[in-house]
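Listed in Swiss-Prot for this protein:
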| type | residues | note |
| --- | --- | --- |
| BINDING | HIS63, HIS92 | heme b binding site |
| DOMAIN | 2-146 | domain 'Globin' |
Amino acid sequence: VHWSAEEKQLITGLWGKVNVADCGAEALARLLIVYPWTERFFSSFGNLSSPTAIIGNPMVRAHGKKVLTSFGEAVKNLDNIKNTFAQLSELHCDKLHVDPENFRLLGDILIIVLAAHFSKDFTPDCQAAWQKLVRVVAHALARKYH
């Protein structure tokens, strides 16, 4: 994947403003609320019976932070995303059996969360760079499935 200097700047510039805990929790909660079938991967998280329960669930919050922290590794390693996510791809494929389509869904949700939090900074060019990034990350995570 080739990243232009502008794309790298748009991605890293916005990432520097992201509160990983808050945006991660919001992104994972939105995924579970908007796509309720994804809850089956989080059965150990306790009460996911309503949007209020999901948003208030400390395990959702903690895992959302973990997911977005991991996503930060992609931002730090834009030129080596495939290798950065090799172990996570293996884990999600072999042990967790997560449908790789869910990576794309979470990427789309992350775009919505970023746009909501950073509306002034989230220009069409910024969105294009982030769409490319979430596609590349989703592809890297789905790699072990092929």
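Just so you know, glycine gets a Cβ as well, placed from its N, Cα and C.
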Across the domain 'Globin' (2-146), the model's average pLDDT, rounded to a whole number, is 88
Residue counts for the domain 'Globin' (2-146) under DSSP, helix then strand then coil, are 117 helix, 0 strand, 28 coil
Cβ contacts within 10 Å for HIS63 (heme b binding site), all chains included, total 16
